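Below is one structure; the comments refer to it alone.
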Amino acid sequence: MKHLVTTALAYTNGPLHLGHARSTYIPADIYTRYLRLKGEEVIHVGGTDNHGVPITLTAEREGVKPIDIVDRYHNAIKADLDSLNVSFDTFGRTHSDIHIETAQEFYSKLKENGYIYEKEIEQFYCEKCDMYLADRYVEGICPFCEGEARGDHCEVCGRHLEPTELVNPYCIHCNSKPEIKRTTHYFFKLSAMQDVLKEYIENSPEMPEHVKNMALRWIEELHDWDVSRNIKWGVPIPGCDDQVMYVWIEAPIGYVSFTKQLGDLWKDYWLENTGDSKISHFIGKDITVHHAVFWPGILKGIGGYKMPNAVVSGGYLTLENKKMSTSKNWVVWVKDFIENFSSDYLRYFFMINAPLNRDTDFSWDDFQKRINTELIDIIGNFTHRTLVFTERKFGSTPVVDLNQLKDEDKKLISKCEDTLNRVDSLIREYNFKDALMEIIHLAKEGNGYFQGMAPWAIKDEERLKEVMYTCSVALKYIVYLLSSFMPEKTALLLEYMNEELDLEVRGNPLKKPKVIFTKVSDEDISRMKENLMKATKKAETKSDEKSKKVKSGEKMDIIDIDYFGNIDLRVGQILEVEEVPRSKKLYKITADLGDEKRQIVSGLKGAYEAEELVGKKVIIICNLKPAKLCGVESQGMLLAAEDDSIVSLLALDRDLPVGSKIH
């Protein structure tokens, strides 16, 4: 059987961090290396995703073209992957002729097959910039937690948002308030695929169970999918001058277009009726639905393509038990890690720390402990003492009469063969943690055998040869099985053993071994922790400076008196104050405006006790568009001033009746 292994396309808006490495790239490389080790035909396809709003935003901030950002980070990402010893047979980019042509062919075929249609939608439009605003071009206040949020996501509370849900939205280019207009977008009729996709998922025996369950839940409520965007940077929609394909319809097509870079070979892996092949997609958990539902839907809509056999979804990675954040620099970049430690140590730690489908944490202390007390004290100990003792006593691996081996020798060799079979099954099931545990257990058995045989005390040279031959067999199996996980260290071991990467022990002359596995020192860990805190502090300083600029009004536009006159400001009096459920900041306030009572949601909790507010006369904006905060409708806004942690309601210096207008 042929194997096609793909990794999620890295987005060219920044370099890789440890989360990317753990969920996707390291496990995919281990799987590919193992299949190749077993003599199976496999190609590993990877590349970068180069389109979409975040790239255009970065380019605009830096005053360069989007292609400049793409080129920079495509090269940086490839360098990061090389440093992790993640290798590919083909590595492409979506901003290339072959990809754009392939993506447009897919789109046209979907349209020809009746799966693309036009539909009017509501979208923010900026009059000042004369453009429709994609989700990342709009920012405002999260309606759930009152944090600053983007049009698609609130980083404070983690919720997915629609741009039109934002409170006080503004265009990120000019800071003016956008209006909602109707525009025509193109939709993929994904809802028509419900039965087909359900059958596909239920009849995919190699699909991991947690992926199946997630996909089936989504398929139950399948909706059509908006697949166009009003931006210029992307794959142009055929026959449309002002919209491009949404990245999540065109980026997965990269798996096909990048395989095409290998020539006609691509057909054997992707087209139906071209032989037996297996497709495995390695991805992060956050894009499971895109690969298990949307992408198969596209392939079904095109027709004639093989379907993915497995979507291998890696869990989230936290850092020191906190969610990673690139904007806050609470992250460890691959480049920074590799400058200080072997990539093999990272590959080992991530695969042994937790099953791939589970979320896990990267802690510098745990990393040190795992490497020193597990990898080095068990595997490193057995490999080093076997090589050193054998080289010193014999200069080469002993050749013995296998019929003369004792039961205890045969027991360890039998353990090697059992481990080989178990590791094979586990890796093919994408169970990398348990596969690695089997190798560790074999090394433990080897250490126990070495210690029990006490070769330093054996006087009979033939018996000593049998013992060290048995240790060398175990060593060869460990190196063979470990090679997919730790290619650098095992290559060094093979060099000292003067052996090939197979299971045969040839009796070759040994090279004088050096220490291969070196411990991670306390000084190393202290330095990395300190670097992390410095980077985070630097990001906090930048964030504080940005907040001060906003507070000082540096971003505000000049307005005329007529504009100000449109704001209905009146004196109100607070009658009742209640806490808003699930919110740490919000009160639900009932205010008297003279001719009516209003419900207002305000973030004064923590600054004022509820009883302090009752009876206060305040200034209220009365003609603000109603908005929901944490599910509670707010029909106005109380005015307050803020400086760092101090919040103060605006008050009158003379008593005026409620309802009085402010000019």
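Every residue gets a Cβ built from N, Cα and C, even glycine.
Small disclaimer: the values here were computed from a predicted structure and weren't measured.
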Original post:
Looking at 318-322, 323-327, 498-502, which one does Swiss-Prot call motif ''KMSKS' region'?
Top reply: 323-327
Subject >> Annotated motif ''HIGH' region' segment (source Swiss-Prot; candidates 10-20, 109-119, 219-229) >> reply: 10-20
Subject >> Within-chain partners of the motif ''HIGH' region' (10-20) [C-beta distance under 8 Å, separation at least 6 from its ends] >> reply: 46-50, 52, 54-55, 58, 69-70, 72-74, 76-77, 80-81, 93, 284, 316-317, 319, 324, 326, 331-335, 337, 346, 350, 362
Original post:
Around Cys142 (Zn(2+) binding site), how many other CB atoms lie within 10 A of its CB?
Top reply: 23
Subject >> Cys145 (Zn(2+) binding site) in three-state DSSP notation >> reply: coil
Original post:
So what's the mean pLDDT when you look at the domain 'tRNA-binding' (563-663)?
Top reply: 84
Original post:
For Cys154 (Zn(2+) binding site), what is the tally of other C-beta atoms lying within 10 angstroms of its C-beta?
Top reply: 22
Original post:
What are the non-local neighbours of Thr326 (ATP binding site), defined as same-chain residues 6+ apart in sequence with CB under 8 A from its CB?
Top reply: Gly14, His17
**OP:** Within 10 Å of each Cβ, count the other Cβ atoms and name the one among the binding-site residues Cys145, Cys157 with the highest count.
**Re:** Cys145
